[in-house]
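> First the structure, which I've put down as structure tokens, then a few questions once you've had a look.
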């Protein structure tokens, strides 16, 4: 389990001076050049920038970085009227592109991909299925059958609960980091102690999220044919009831939360490590292959700066894809353990117009692995893998469309 979300939300503030942190006085005026007195020298260390929202795909400046200068002469006077308008237009295009690209990435990962996630989970927990749905074409066919018999809502069920789980994860991480002083992020010069504390924080977050993730999983896989639409806060109520052993009575085969915690934390930590490592490697190779560019002026500066967004999007895409593929067998086992004993009835992924109950009797992680291997074979761990192919194909198409739109915006800005 690895919710896709922004790592931080510090991109909505001014950074670069004490005023940007709320400690000092307001600068004399706000333009694309730093304010200076008549006796100032060519030192530009006291400059400030405004950064776009820190959402996936944006490239914020951090402490110690400097914004590109539009003029090389340190003794130049105030900008002319035309130059000021050009800088303002370039800044607007920069903000629009950063926000639009990040918004497109968030939409793809959390909204457009949700039908694929629903089918992927249903196939993973359906131990009755004879068709393993390994091909993307079979996934598209079953999507059509579900939509035809149950309507479009059958592919979007449980989407609200996934956002609730992400919100709980973000809130828990922030509160735990505040009270335990465990690092939420690693600096460039990290050591083993910081790494251990950071992974410990992630593990504690997954422990807290486990009961709510289990409730969200039930909402995404249960059939719409025999179940009414759940409320927005049902995920919270079910998660709290699972912790306190209250609410709807479950089967005796329901596994305790302690049994579910280990595979959930293991999957979350491994997913985070793999995705973070691949993301940094992809960015490193892209930066190594790209030749360094000299500071440009006008629309060329906007073009060069906005092109920095796409390596990050590509790195996020590759990181998520590799982590999902490598950990797919573990995810299948984890979902089967979570769904056992919850009296959940899912759609028949072989036919698309019937329902089947979940009546597994796994005793734990090891028993689940051995049972799947014995009864369904090695490919049983990859049931529904075609949904992953469809999901990331759609993601790649959206990235390409976003790049085309971005190029058109830059050409128009010129």
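Just so you know, glycine gets a Cβ as well, placed from its N, Cα and C.
As the structure is a computational prediction, the values presented were derived from the model and not from experiment.
Dumping what Swiss-Prot says about this protein:
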type	residues	note
REGION	1-89	region 'Disordered'
COMPBIAS	1-13	compositional bias 'Basic and acidic residues'
COMPBIAS	29-50	compositional bias 'Polar residues'
REPEAT	92-183	repeat 'Solcar 1'
TRANSMEM	99-119	transmembrane segment
TRANSMEM	159-179	transmembrane segment
TRANSMEM	198-218	transmembrane segment
TRANSMEM	254-274	transmembrane segment
REPEAT	307-412	repeat 'Solcar 2'
TRANSMEM	310-330	transmembrane segment
TRANSMEM	379-399	transmembrane segment
> Within the same chain, where does the transmembrane segment (254-274) have neighbours whose Cβ lies under 8 angstroms from its own Cβ atoms, ignoring anything closer than 6 residues to its ends? I mean 6 or more beyond.
1-2, 199, 202-203, 205-207, 209-211, 213-214, 242-243, 319, 322-324, 326-327, 330-331, 333-334, 337-338, 340-342, 362, 364-365
> Take the transmembrane segment (310-330) and find every residue of the same chain, 6 or more past its ends, with a Cβ under 8 Å from one of its Cβ atoms.
2, 4, 56-59, 101, 105, 109, 263, 266-267, 270-271, 274-276, 278-280, 282-283, 286-287, 290, 381-382, 385, 388, 392, 395-396, 399, 402-403
> What residues in the same chain, six or more past the boundaries of the transmembrane segment (159-179), come closer than 8 Å to it by Cβ-Cβ distance?
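Apart from its flanks, the transmembrane segment (159-179) reaches 3-5, 110-111, 114, 117, 201-202, 204-205, 208-209, 212-213, 215-216, 219-220, 230, 232-236.
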> With a Cβ cut-off under 8 Å, give me the same-chain residues at least six positions beyond the ends of the transmembrane segment (99-119) that come close to it.
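Contacts of the transmembrane segment (99-119) (Cβ under 8 Å, skipping residues fewer than 6 from its ends): 4, 52-53, 55-58, 133, 139, 142-143, 146, 154-159, 162-163, 220-221, 309-310, 313, 316, 320, 349, 384, 387-388, 390-391, 394-395, 398-399, 402, 405-406.
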> Mean pLDDT, the repeat 'Solcar 2' (307-412)?
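In the predicted model, the repeat 'Solcar 2' (307-412) has a mean pLDDT of 90.
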> DSSP on the repeat 'Solcar 2' (307-412): how many residues come out helix, how many strand, how many coil?
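Breakdown, helix to coil: 74 helix, 6 strand, 26 coil.
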> Reported in the order helix, strand, coil, what are the DSSP residue counts of the repeat 'Solcar 1' (92-183)?
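The repeat 'Solcar 1' (92-183) comes out at 74 helix, 0 strand, 18 coil.
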